[in-house]
Amino acid sequence: MANTYFLPLFLSLIAISSVSANFQRDVEITWGDGRGQITNNGELLTLSLDKSSGSGFQSKNEYLFGKIDMQMKLVPGNSAGTVTTLYLKSPGTTWDEIDFEFLGNLSGDPYTLHTNVYTQGKGDKEQQFKLWFDPTADFHTYTILWNPQRIIFTVDGTPIREFKNMESVGTLFPKNQPMRMYSSLWNADDWATRGGLVKTDWSKAPFTASYRGFNQEACVWSNGKSSCPNGSGQETSGSWLSQELDSTAQERMRWVQKNYMIYNYCTDAKRFPQGLPKECLAA
């Protein structure tokens, strides 16, 4: 009986949020003075960066839990000093945030994929990776899955990081503040590439990143209410709202972390002389 009840509800949520991507309908370019462009009848979005300015866009919807997919092709060639982002963020001084940041590099050197989670304005939960493919040669899919139990960062369907809700040990978890999806391309050559040692080569400008295939399966927050049952959809089984990593996905994530992780805050004892964060010890 429960399955009969929830299946139509689940399908209705998917129908609302998983229609074919159209950037003209789903996002708005918020800065860059024309450096962000939507073309191909709304199917393609590009951001560009030159010495004067970068550019960015945001989703029109706010979400309180969701699965956000974006296909991205990063700045090719010498991208040192540039940062391309895809993230969820709430407003205010005690904001929540879930980050993908792609730190550019010299031609032939791999990008650094930086991930982080903020809750109530507090972050310091960085993990960084090198990708196992060239993210500038073609589009690849980057996914943030955020439900009441966990956050999963995924690249082309392969999970690279899981941040679990560990409020039971005193770790803050983002679950109360609606967030929008944002993306930007900007210059950060004071820190992005080898700690700021390698600067942006402006003779290569304008730098361009491309986007397509934006998909939002989400609890849309509007007028103080969620589109999901009981505000979070925790009763809905079999969907992203209750998704967790099965044994195969866990094995794939361990493979990525073993071979491609280059920084993990949970192993940086020098950074936390008073002891590693509680969620690291409980994992």
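In case you wondered, yes, glycine gets a Cβ from its N, Cα and C as well.
For reference, TrEMBL has these:
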type     : residues : note
SIGNAL   : 1-21     : signal peptide
DOMAIN   : 1-211    : domain 'GH16'
ACT_SITE : Glu97    : active site, nucleophile
ACT_SITE : Glu101   : active site, proton donor
CARBOHYD : Asn105   : N-linked glycosylation site
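Mapped onto this structure are the features recorded in TrEMBL.
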residue : record                      : contacts (Cβ under 8 Å, 6+ apart)
Glu97   : active site, nucleophile    : Tyr87, Leu88, Lys89, Ser90, Asn116, Val117, Tyr118, Gly123, Pro174, Met179
Glu101  : active site, proton donor   : Val83, Thr84, Thr85, Tyr87, Leu113, His114, Thr115, Asn116
Asn105  : N-linked glycosylation site : Ser79, Ala80, Tyr111, Thr112, Thr193, Val198
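Per-residue confidence over the domain 'GH16' (1-211) averages out at a pLDDT of 91.
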